[in-house]
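Notes follow once the structure below has been shown.
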Amino acid sequence: QENNLTAVTEFFLLGFQSSQCLRIFLFCLFLVVYCGTICGNLLIITLVSTSKDLHTPMYFFISQLSISDILMITNIVPNLFHMLLNNGGTITFIGCMTQLYFLCAPVVFECLLLTVMSYDRYVAICNPLRYTSIMTSGHCVILSIICWLFGFSIVLTYVIKIAKLIFCGPVIIDHLFCDIVPLLELSCSDTFIVHLEISIISIPVVFIPTTVIVVSYTCIVSAVLRIPSSIGRYKAFSTCSSHLIVVSIFYWTLCCVYVVPTKGLTLTISKILSLLYTVLTPLVNPIIYSLRNKDIRKAIQKKLHK
């Protein structure tokens with residue numbers, strides 16, 4: 001077994017095994033998506049840091065979300081370009097573990113940050129008089145740092161566990177990137193402990209945040225419905241709608257990939273589903289926040305006039 005362990009120094013990622021024409025089309029499509037995602041998220045980060053009107057907790061959290069989205073898509077897409085041009089590609093063992101780490105850590109961070117953002121909206125609507133004293137800039141920075149540290153430290157524990165597994169036989173991964181499920185399927189050592197760890201980690205990472213978001217929005221909806229004027233109700237709910245759409249897309253795509261049983265799905269469909277949260281979500285987030293948000297549109301107009 002020691003020989004098998006030292007033998008695996010790299011994996012071969014198959015990517016999309018298709019005709020050259022389709023792969024070139026996909027390359028161009030992902031290039032446009034990647035450039036759009038980077039530009040959109042950088043625009044939000046720049047606007048939030050330079051526009052005084054956007055120096056509020058909500059926009060600070062949106063800029064943190066943009067940093068995470070840039071990190072996630074940059075971890076996946078450049079290697080995907082290489083695979084599309086070469087009809088697959090090798091990745092070193094360390095490179096594979098690094099990719100897995102920088103894939104999972106931003107996902108965990110976003111789960112936690114979206115929870116913090118739902119709490120921010122809850123305080124703004126259900127406790128508006130105390131909002132400025134509760135959501136101070138110091139508190140927002142601390143909450144953001146906790147999300148980053150927790151996301152990157154909790155993922156490190158099980159990536160180390162996966163790296164210590166023994167891999168033998170064909171080291172071909174029929175996927176677009178190094179993900180948990182295909183790696184565990186390749187391992188010839190007992191993966192029960194790793195599966196157990198992932199299940200335990202999912203409690204603070206998925207179930208608690210989901211519960212907090214649901215409870216927050218239940219309180220928000222009941223508070224909004226108590227507002228007498230329809231204009232007041234619309235204004236209150238419009239501040240939450242962007243966040244609610246982003247939360248829905250993020251959790252829906254994660255559930256499609258990791259919660260819904262994939263036994264009956266073809267490998268191509270599971271690859272497309274995995275692209276939803278690694279490539280589509282980082283592109284959609286800045287579009288939702290910029291198109292549905294008057295403050296960001298105003299900030300863009302001010303910058304253009306200058």
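Including glycine, each Cβ sits where the backbone N, Cα and C put it.
Pulled from TrEMBL, these are the features on record:
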type	residues	note
DOMAIN	40-289	domain 'G-protein coupled receptors family 1 profile'
TRANSMEM	24-47	transmembrane segment
TRANSMEM	59-80	transmembrane segment
TRANSMEM	100-119	transmembrane segment
TRANSMEM	140-160	transmembrane segment
TRANSMEM	200-225	transmembrane segment
TRANSMEM	237-260	transmembrane segment
TRANSMEM	272-291	transmembrane segment
Do any residues, 6 or more residues outside the transmembrane segment (59-80), come within under 8 Å Cβ-to-Cβ of it, and if so which ones?
13, 15, 30, 33-34, 37-38, 41-42, 44-45, 48-49, 89, 91, 99, 102-103, 106-107, 109-110, 113-114, 116-117, 120, 137, 140-141, 144, 147, 176-177, 246, 278-279, 281-283, 285-286, 289, 295-296
For the transmembrane segment (237-260), which recorded stretch in the set 24-47, 100-119, 200-225, 272-291 gives the largest number of Cβ pairs separated by under 8 Å?
272-291
Do the transmembrane segment (272-291) and the transmembrane segment (24-47) share at least 3 Cβ pairs under 8 Å, sequence separation 6 or more?
yes
Which sequence positions outside the transmembrane segment (200-225), separated from its termini by at least 6 residues, show Cβ-Cβ distances below 8 Å to it?
108, 111-112, 114-115, 118-119, 121-122, 125-126, 154, 157-158, 233, 236-237, 240, 244, 247, 251, 254
